[in-house]
Amino acid sequence: MSSWVSHLPEEMEFEHIEGHGMNGEELAKNPRLHSYFVQDLNAQPKLPLGDSSFDAVLITVSVQYLQYPEAIFAELYRILKPNGLVVVSFSNRMFYQKAIAAWRDNSDLGRVALVKSYFKSVAGFREVQAIVRPATTPSFLQMLGIMVADPFYAVIGKKESSLGL
């Protein structure tokens with residue numbers, strides 16, 4: 001899921017970067033994308049991508065808006081090559097009105113657990129791990145609305161190999 005900006009390191013080269021988003025004009029301005037498609041995954045969760053065609057899928061600050069995450073994660077599993085990775089990264093920020101209630105009503109660590117449950121809903125994802133980097137701003141400053149650095153969370157899952165290894 002992408003927009004006009006890519007979160008991929010500029011110094012890294014990739015054979016193919018496919019973008020997905022809700023705004024074709026933004027996607028067209030993203031210089032890292034080789035191709036892209038526009039699709040509302042809440043209206044149509046089936047991805048227009050081939051089986052076992054991607055080494056990795058990155059979901060950056062958008063998992064909180066998926067109304068049918070289990071269906072999407074099943075699709076991610078379908079399009080991944082054996083041993084392919086899904087990396088879901090997020091912070092504590094969101095468009096409150098657009099985020100699903102299970103996201104809005106959870107703590108940061110509860111959201112990590114929620115994303116882990118999406119992986120667990122699909123047989124074949126393994127080695128699900130979380131990276132947790134809490135905010136470094138003291139809580140009294142956070143209460144005043146002062147943030148030095150956002151927290152960072154990532155949940156990573158791996159598709160089993162075709163040999164089950």
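Glycine residues also receive a Cβ, built from the backbone N, Cα and C atoms like all the rest.
Feature annotations, courtesy of TrEMBL:
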type: DOMAIN; residues: 34-88; note: domain 'Methyltransferase type 11'
What is the number of residues in the domain 'Methyltransferase type 11' (34-88) that are helix, strand and coil, as DSSP sees it?
14 helix, 20 strand, 21 coil
Please compute the mean pLDDT of the model over the domain 'Methyltransferase type 11' (34-88).
96
